[in-house]
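Contents: one structure, followed by commentary.
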Amino acid sequence: MLDLIPRPPMFFSSTCSATSSSSHCCGSVAIHHRLWRSSFSVLLPRLSAPPPPSLRRLLLKPHVNCRPGGRIIACFSESGSGAQDEQRSGVATAMEESMPTKDLITIAACAVGLLTGVGVVLFNDAVHYLRDLFWDGIPSRGASWLREEPIEEVWQKVILVPVCGGVMVAILNKLRTSLEAPSEGSLASNVKGALRSFLKTIAAAVTLGTGNSLGPEGPSVEIGSSIAKGVSHVFEWSGGKRLSLVAAGSAAGISSGFNAAVAGCFFAVESVLWPNSTDSFLPLANSTSMVILSSVIASVISEVGLGSDPAFIVPDYDFRSPSELPLYLLLGILCGLVSLTLSGCTTFALELVENVHKATRIPKTVYPAFGGLVVGVIALAYPEVLYWGFENVDILLESRPFVNGLPADILFQLVGVKIVATSLSRASGLVGGYYAPSLFIGAATGMAYGKFLNSTLSGLNPLFHLSILEVASPQAYGLVGMAATLAGVCQVPLTSVLLLFELTHDYRIVLPLLGAVGISSWIVSSQNKKKDAANKLNTSGVKEDGDKRYKDSIYQSQELEALAETSQATDLCKIESSLCVYDSVDEINPLVEKLTVLQAMKTRYITVLMSSSVVEAVTLMLVEKQPCVVIIDDDEFLVGLLSLEDIQNFSKAAKERGTQTEVDKILVSHVCHLDGKKCQSWAVTPDTTLNIAERIMNSHGINQLPVVSEHVDSQKRGRLVGLLDRESISIACRAVVTKEYLGLYL
């Protein structure tokens, strides 16, 4: 029956001349478009089974690219996975058709900021309500009052309230786990996803309301990102559109959490846009405008709902002399070491809990209560570790009136016990962020350091008297320590600097901030890179998942290195999950985990020898419209890759050096030997999965990978058999999906 129906052309193309007008070209496309729609309108009703809504829209509305003076091509546009086959609402479709996509995304970002602001206000109100309910006004009296009270009068509440919070969180975690089971249909899956996010937010409110040692800013960011993902799902946006919207939601979360709109903008850029820049296809300017608008709107909503006061009270402080800048650099080193201690302790606690669970088979639902118990026991001696908002930070900074400050030795002790309490809270399954604990630990570190300097270098009886050195008040070091520790733990240096500057409104603090934050962030990142390198050495000889395909291949180490590049980010996500709200892996077509390089590689490519002329190589690239050529030897073994950028850099370097050489005499070897790393390239084998190939591209910032045979010579890299690039990966995935659809319905 279907054979009697005239089948429409699956692809068509026509050429617009340089003199043709844009309207004429698009008019021609419109004719083909109408033919396309009419043909498939006849075809679709006669199918034995109706196609999914996404495929129906795909067939009836192909992607059209009209460009004056170029080719007009209609082809299949991006289609979602099977879980996204649910038809969009009529409102979403009408909005997309009524305005340009850029304007619609910007309006959506504003809506995300508005909803995030409301969500964060409700979340903080829930935390405050639970705190008042469980603690019965004790937080308003302060940790100093609790420290002076007899233990026998307060121990029950101090211990039982965090434990009670842990029990409630355990129940909520169990409910979240039960919702992770696969569901029939996309609607049920979407509802379960929304419920999981809601339950996690409630668990965070319970964790913080009962005083456990975490913070609210991480959940605030996740509220914003969840709303952004929900909006992008409604419009079926992916890739760069979804990335920009998630960045806007993250900015709104920080902005409303700290009441700091500027810091929120920089947080989105540092934690979302920069790490995932290869996934974005929107102009950075448009993404930035979305982030700014969302951050401002969320901050306004937060001010209306929670008040305009900053997150913590900025104490009175002073800066005496530029000569004390080296002291702030030393503080940066100290905060970097403290940040490494917190990160390492958290990783150790996570591994410890996992090992205990495997050894004893104790259900994980028990661990949050154990975490609350540990926090309560520690709070008997150090009540400042309890989360009661930023009141305890105010106590450390001595910014509250009629509150006695803590001596330096107690402050150093608080650094240690807060690290232990926070690490065990995270490892036990309690829900919250690391921003507030990082600020607390930084404030304690800076205040202790400042008091030590004052007693050593100034004061009534200093140990060392230096007339050229004037030491500022401990509060100045406390504020700088907060930013330096936050930057070290969460790896957001610009956000840390802007946050403290936005809260203090003092230009004098910028220089010490930049120095200390830069040193702290550098120490942590350098140490993480060394750890990654050690992990790569330890795992380079280990077989992955029992797969023996790469046992004797020199390219296994390349794949392991590409996987190890993500280990630092993975560790950071374990510490603070809000730093990984956009997971590019979720955006990857599931086919890239199944398809191999052999199915996607190009067999048409340009090859040259080291002795070939550069002019010849450029001419071939121009003829074949390729951005690079593959360098081989006489036996067709891979030598490297030469790109147009390499040739351009060579030309600039030769011009700067004043080297004059006839163009025809410049060889490929001259370009490659200019720098020892020039023309070197990573490579993959045909049976490497596309997922691994994409990770190699992303980790090294490249767009092409030569494909070589697995059988390699002892002195050579492998025989060239193909070339893989991002375009070929995309085409292969789309072609397979299209083939499956057509096989089902035609």
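Positions of Cβ are set from backbone N, Cα and C atoms, glycine also.
Among the residue ranges 260-278, 507-525, the one that TrEMBL annotates as transmembrane segment is 507-525. Against the transmembrane segment (507-525), stretch 476-500 has more CB pairs under 8 A than any other of 104-123, 327-353, 365-382, 433-452, 476-500. Over the domain 'CBS' (601-659) the predicted model carries a mean pLDDT of 86. Counting Cβ pairs under 8 Å to the transmembrane segment (476-500), the stretch among 104-123, 327-353, 365-382, 433-452 with the most such contacts is 433-452.
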